[in-house]
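*Asks:* Sharing a structure below in structure tokens format, with a few things to ask.
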């Protein structure tokens with residue numbers, strides 16, 4: 001009996017040990033495989049493999065795990081070169097990432113492991129800007145990017161990094177003023193900024209509980225705040241500090257807080273009553289000007305204060321029921337495109353201009369979104385005609401973007417950053433600066449073959465390509481600029497004073513976007529898969545009509561899990577070779593879910609059952625009672641229940657797990673049109689416009 005009991009215990013222990021030795025998460029293995037290859041497969045990383053393997057069980061060099069998850073990468077001093085790989089965001093359990101004291105070059109990756117607490121890329125040869133993506137990594141406690149070749153201004157991106165205790169940007173080539181969001185670093189203890197080119201004052205630091213501050217050898221000026229003079233370790237030499245007595249701060253002025261009336265927000269640095277009076281007078285004048293502007297225009301250019309329902313704009317929308325026949329448009333995205341060749345014999349779709357030509361082009365062709373030409377453009381039906389793509393000079397784009405300054409940064413993704421380009425005559429464009437490492441350095445064509453294909457894509461719900469720039473190793477695409485921003489901003493980044501999108505507008509956005517995707521899938525030959533459909537790539541024009549962006553760049557999206565982010569990627573798309581147009585349909589269904597619920601596709605801060613929007617919402621899509629509970633609270637119930645139910649039915653079809661059960665986009669468009677037609681007969685005479693004097697919510 002005793003022997004049997006002993007054997008039972010031994011077997012149980014063996015089973016327990018086997019369960020504990022769980023294989024490393026597949027996505028994390030893939031991320032490390034790609035990283036190993038990108039680092040040029042260094043022999044010093046013992047155990048690492050280019051394909052497969054088990055980092056946790058096989059104890060790969062520098063890899064530490066907890067259970068089946070990789071939690072630390074300690075790779076300091078391995079003389080590593082190359083790049084870091086493009087799947088780092090798959091390492092969701094990683095808390096420590098140390099690549100210090102290596103020979104790494106190029107830009108810091110845009111997409112880093114999202115839950116890092118300690119990031120150390122110091123003592124390398126990294127250049128470019130500090131990535132804005134750091135602003136979303138709320139768990140960061142330590143950032144060390146010292147002793148590299150980083151340049152440009154620091155983005156104002158530190159608002160959410162309240163846990164950050166150590167920040168080291170020393171020995172780089174960073175410039176400009178300190179960002180005002182430094183004031184939000186309430187846990188900061190150590191700040192090293194020495195040996196850079198920072199300017200302005202350091203007043204933004206005065207309310208922080210820092211005990212180790214080094215700002216030596218910069219171009220700071222003004223005075224060292226008294227609050228900082230008692231710091232145990234304070235180094236301030238090599239700057240242009242004022243030798244005069246520092247003036248006392250004016251009553252009520254708090255340094256280190258962003259002022260609503262000042263971009264710098266650093267407070268008043270002069271101590272005279274004249275300056276104080278002047279500042280007060282300036283604020284008063286600004287208030288008067290703002291009141292005058294508000295009185296003159298009921299509708300602001302801001303996306304958050306547009307009066308959709310009482311707008312008096314002339315109707316500018318194509319009839320929602322006017323589906324039309326899809327004309328075939330030949331677009332070369334085939335093998336020739338992949339090889340850097342164009343299917344056309346010439347470059348008749350590309351028009352080169354210099355500075356003078358650019359001025360004429362911006363003045364005559366890129367009209368503002370309130371003029372007659374743009375109104376006519378909105379009413380234009382599908383066309384297979386092409387429009388010349390203008391070749392911009394690098395110097396012109398550098399001037400219009402202030403040398404691609406962080407202040408003009410609109411956003412960034414897995415293949416590059418988008419900047420606002422402002423011209424002296426008031427016109428504005430959007431410039432997508434694509435990562436140069438994505439192009440084969442051995443080929444001279446650069447971005448030209450892509451431009452040849454993109455210039456053929458024309459649809460009223462697709463953001464138009466204006467031109468491009470391929471010069472000195474830079475590859476950029478120039479698009480229309482939309483002041484209203486993206487659907488993502490409207491749904492997820494609005495404040496409590498914002499006017500939410502009405503139900504009618506949400507339906508219109510869904511239908512317009514569906515038509516854009518249908519055009520890519522079924523009017524273009526061969527079919528164009530988007531591979532990056534998400535709310536941040538759906539821009540909204542002056543009248544809140546959708547314009548799909550980032551199309552025709554699928555060659556750069558080797559793994560859609562990298563660029564789409566969590567929540568949008570279709571289940572089958574984990575295997576890049578399995579991506580089909582039906583995978584685009586799934587992503588579009590997720591966007592419709594965002595319109596319905598107002599939630600983001602994945603929210604790691606919610607309880608586990610609610611983190612994935614699709615998994616949480618899908619079981620409730622066919623329950624009419626549950627639908628009212630998951631509908632966006634910002635709608636305040638102002639929607640017809642039948643319309644909500646039909647909208648949910650379409651979503652349920654789009655997000656089917658098996659791609660063969662999802663409808664093609666043409667059927668999605670037809671379903672949305674039928675939904676509009678069946679919901680209210682009153683829409684027959686009003687389908688040409690989505691604006692009415694009184695919105696009856698009858699979709």
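Glycine too: its Cβ is placed from the backbone N, Cα and C atoms.
According to Swiss-Prot, the signal peptide annotation covers 1-22, on the basis of sequence analysis. Per Swiss-Prot, repeat 'LRR 1' is recorded for 93-115. The repeat 'LRR 2' annotation in Swiss-Prot covers 116-136. The feature N-linked glycosylation site is assigned by Swiss-Prot to 184. Taken from Swiss-Prot, the feature repeat 'LRR 5' applies to 187-209. Residues or ranges marked as region 'Disordered' in Swiss-Prot: 239-263. The transmembrane segment annotation in Swiss-Prot covers 274-294, and the record cites sequence analysis as its basis. According to Swiss-Prot, the feature topological domain 'Cytoplasmic' maps to 295-699.
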*Asks:* For the topological domain 'Cytoplasmic' (295-699), what is the mean per-residue pLDDT, to the nearest integer?
*Replies:* 74
*Asks:* Treating G and I as helix alongside H, and B as strand alongside E, what does DSSP give for the repeat 'LRR 2' (116-136) in helix, strand and coil?
*Replies:* 5 helix, 7 strand, 9 coil
*Asks:* So if I draw a 10 Å sphere around the Cβ of residue 184 (N-linked glycosylation site), how many other Cβ atoms end up inside it?
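*Replies:* Its Cβ shell of radius 10 Å holds 20 other Cβ atoms.
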*Asks:* With DSSP as the yardstick, break the repeat 'LRR 1' (93-115) down into helix, strand and coil residue counts.
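*Replies:* Computed counts for the repeat 'LRR 1' (93-115) are 0 helix, 5 strand, 18 coil.
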